[in-house]
Amino acid sequence: MENIDQQNQKLSFKENWNVFKFIFKFLLPFKKYFILAFVFSVVTTILASVMPFVISNFMDSYLETEKATDQIIWYFAILYFVLNIINSIAFFFKWNYLQNGSIFVNQYIRKKVYAKLHTLGMRYFDQKPTGWLITRVTNDTDLFPFWQMLFNTLTSIISIVIAYTALFIIDHQIASVMLIFLPILLAGVLIYQRVSTRVYQLMLKKRSELNTKLNEYISGIRIIQQFRQETRLGKAFDQTNEEYYGYRKRVIQINGLLLSPLVNFLMSVSIIVVLIMFSDRSMHTVVAAGLIYAFISNVQIYFNPISNLMDSLSNFSNGLVSASRIKTIMEESEYAPTYKPEPEDIAPDLAVTNDKNGPIISQGKIEFRHVNFSYDGENQVLKDISFVVHPGETIAFVGHTGSGKSSIINVFMRFYEFYEGQVLIDDVDIKTYSNEELRKKIGLVLQDSFMFVASVTDNIKMMNPKISDDAAIAAAEFVHADGFIRNLEHGFDSKVIEGGAAFSAGERQLINFARTMVREPKILLLDEATANIDTETEALIQLGLSNMRQGRTTMAIAHRLSTIKDANLILVLEAGEIIERGTHDELVEMNGYYADMYRLQTLQKEV
């Protein structure tokens, strides 16, 4: 998997071209908006070049010859006014189609990147900071200036051609002089490209670091305040913030030095050259003032799109950097084990291709056959794990932190892929089951229950419209969570604040139980579900767990050994290996590792 810092390296021309082709695919579904915007842009460009000829014709044919009657003046005034009205209307439609098209493309990209993240395995998220991912989804997908740059590039080229054609029609000799300035502009473009890209990449890197720090500090605000680290971490945040704005300031300085000033300077020089050449010509022949006006006006029209192109270069460079980051995510091969990618699975379509007609979990039998697993491919955390759990039975895993208990759950839920062995459900390889079937028939209860900012009912339903409110209430009643919920001000319609902070740990866990049971799973996974419960809700949680386990195959990670005494099988793990197995009574009789743990907990409880 690509290291985060490697994405800040300078891209070659070929890599930039590949990034451009990749990101351009997102535009195609909305091409009609950009085509219409282009048509109206051509109209405005033609009108902008024609209008100086109207004034020129009036000046040379009527004003200088004193033939300008009231009727002629009104004719030219109305003509010029109508052309301006048409130009304004065309500009409105051009801007409207361009803005809408850009917004729709950005929305489409963000949707696809977000969908892609849901196809990636847990290993990917282990290696990427949350702030980095948030930056990718929110900031890098905002390519609005990039699409405008693409559009402006095309329309600017058309404008330059039309304006130069007008200059050539007026005076081809002086028009030829205008071509001298193009190599100078090209040199400026190359210098800017070399300088700006690297600085912008560094700016984006610092922005990711800033978002990561902000996410960490807000998430851990209680710990920060508890240990009085506000000042130290505040200084660290300020330093990163200053570094970010330092790079941003450099980007602004580079843009201000190399872009518009260069174009404006060359335009001023070209106008001076035009005036000198027309002045020299006037010594030998009569030069119409209107002709000079039309020529200078079209010189400005000629340089304006060049100025737009130069301004767009910053957006182009910035957009390519952001697009390359998006491309990295969209082409990530670290898929979740439950995701089955098509060979061409890349934007624009990222639908999960699970076979909904695959096997069905009907009984709930679980079997691990010589499973070996490693998170990083080097350090083995599960070693030759084998066991069988028959339908309706309970198996429990005990052991110290890092012994491999949660890794068994992670492998069974297919959050990670094991590299050796076999896992079966109902005697069928787990890899043949669809993602939908696994998530529907396996209920997972974690130690820490995540709560969304929504109603209690929606938290139980997980905002799934296919689950009725009545089903959510019935699930809460089943796990004995309905009592405290009904005592809330608005009952099941009460809003949950961020993180469920208004509830106790036990109350959050009861809601989590209801969330699990509303799907009526065949298999239940309990990852230290009773570790952080409070005494007020402990009895309710034990009742809820008893109801949940009834008739369901259960895999439980236990911290309190008293809660698994009735398990059909208990596995004791150490360093990823099973060192003891049996029922509670059998393990106590062995007088080994489990017996020592049980006696210690019993003694602590008595004390």
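Glycine is treated like the rest: Cβ placed from N, Cα and C.
TrEMBL annotations:
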- 35-318: domain 'ABC transmembrane type-1' (DOMAIN)
- 366-600: domain 'ABC transporter' (DOMAIN)
- 33-52: transmembrane segment (TRANSMEM)
- 72-93: transmembrane segment (TRANSMEM)
- 149-170: transmembrane segment (TRANSMEM)
- 176-195: transmembrane segment (TRANSMEM)
- 257-278: transmembrane segment (TRANSMEM)
Recorded stretch, among 72-93, 149-170, 257-278, maximising Cβ pairs under 8 Å relative to the transmembrane segment (176-195): 257-278
So what's the mean pLDDT when you look at the domain 'ABC transporter' (366-600)? 88
Please report, as numbers and ranges, the same-chain residues at least 6 past the borders of the transmembrane segment (72-93) whose CB is under 8 Å from any CB of it. 36-37, 40-41, 43-44, 47-48, 50-51, 54-55, 57-58, 62
